[in-house]
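Engineer: One structure is given below, represented as structure tokens, and several questions about it will come after.
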Amino acid sequence: MGRARRFQWPLLLLWAAAAGPGTAQEVQTENVTVAEGGVAEITCRLHQYDGSIVVIQNPARQTLFFNGTRALKDERFQLEEFSPRRVRIRLSDARLEDEGGYFCQLYTEDTHHQIATLTVLVAPENPVVEVREQAVEGGEVELSCLVPRSRPAAVLRWYRDRKELKGVSSGQENGKVWSVASTVRFRVDRKDDGGIVICEAQNQALPSGHSKQTQYVLDVQYSPTARIHASQAVVREGDTLVLTCAVTGNPRPNQIRWNRGNESLPERAEALGETLTLPGLVSADNGTYTCEAANKHGHARALYVLVVYDPGAVVEAQTSVPYAIVGGILALLVFLIICVLVGMVWCSVRQKGSYLTHEASGLDEQGEAREAFLNGSDGHKRKEEFFI
């Protein structure tokens, strides 16, 4: 169980008058809170103690200690201190039935007592997480989290990918303890298979900052996929080719079938689960090979086109990038280059036309200026003739 923690609050003091005039005795106690299974100390403080009888009783009013002498045979209770200043007892392995008021009684001519209240908290155990029904890609999964016993009622939280999920919680009180449950729903896909969902429980019985957690690994079922990997890119007559059918799916397909189009597999072929071995290749082995896998959620098939070359043939290894994609990229580059060239030619022609227009305009202006100058000169001559 968790370590005991004690929270103490001062009680109202009980003042008792002693028998003799001018004397008074005081008894003071403190309330104690402890986690179930922990250790609690119950203390009675004495003031102006004159040696009178001191009795400690449990909530059932059974005497535990009488003036320092054990009266009840419960070894969980031990007398730690008995002095004129205080009486202190120690309770180990605290239980819910130990909860209640402990009486510290001082017997004089008038009996006086004070009560120390013991409160026992129950820390939650690790939550129990269950799934309502099998999760399938594209659907929803519902998880439930249960803490059957806690006091006070535990607070439940859900986390997924370090983010809190909103759950619906409910609680039921059973005697002194609470049973708390929470449910959460969310949509799942195949990428969620193997993901972690956490249910966390907290209450005051746990140390500050601590919690009890349970991790649930998502099991999401989905249809299979298949892909064929070849042991080499270029094969020639006489080579041995190994084809591997890489299959995924949940549940994982337990049977893989190999075929070659509408023909049967070569007699030399060895099909063993995910691998197909073709030894001593010849041109007659050419064809389209397929692997097929299925589970209850779907079916998958992968293709591989086998081309067996002559031993002396010079060929390039097959690329994983389809030729159509490469051709499309090249066509796009050529188109962009043509667009750039057309734009450059158009800009050049426009700039040249603007320059010729400006030059012609300049010539017109110069002609007009020259004509004006000549006209101006003739007028001057006429003026000279007039005055002569």
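Any Cβ shown, glycine's included, is placed from N, Cα and C.
Since the structure is predicted, the reported quantities are computational estimates derived from the model, not experimental observations.
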Engineer: To which residue among Asn67, Asn375 does Swiss-Prot attach the annotation N-linked glycosylation site?
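Structural biologist: Per Swiss-Prot, N-linked glycosylation site applies to Asn67.
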Engineer: Swiss-Prot annotates one residue of Ser169, Ser361, Ser377 as phosphoserine; which residue is it?
Structural biologist: Ser361
Engineer: Cys145 pairs with which of Cys199, Cys245 in a disulfide, per Swiss-Prot?
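Structural biologist: Disulfide partner per Swiss-Prot record: Cys199.
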Engineer: Quick one: Cα separation, Cys44 (disulfide bond) versus Asn67 (N-linked glycosylation site), in Å?
Structural biologist: 12
Engineer: Relative to the Cβ position of Asn67 (N-linked glycosylation site), how many further Cβ atoms are located within 10 Å?
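Structural biologist: I get 14 for this one.
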Engineer: Would you mind listing, in sequence order, the residues at least six apart from Cys199 (disulfide bond) in the same chain with a Cβ closer than 8 Å to its Cβ?
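Structural biologist: Cys199 (disulfide bond) has long-range Cβ partners Pro127, Val129, Leu143, Cys145, Leu156, Arg157, Trp158, Ser182, Gln213, Thr214, Tyr216.
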Engineer: Which of the three DSSP-derived classes (helix, strand, coil) applies to Cys199 (disulfide bond)?
Structural biologist: strand
Engineer: Just give me the nearest neighbour of Asn286 (N-linked glycosylation site) among the recorded positions Asn31, Cys104, Cys245, Cα to Cα.
Structural biologist: Cys245
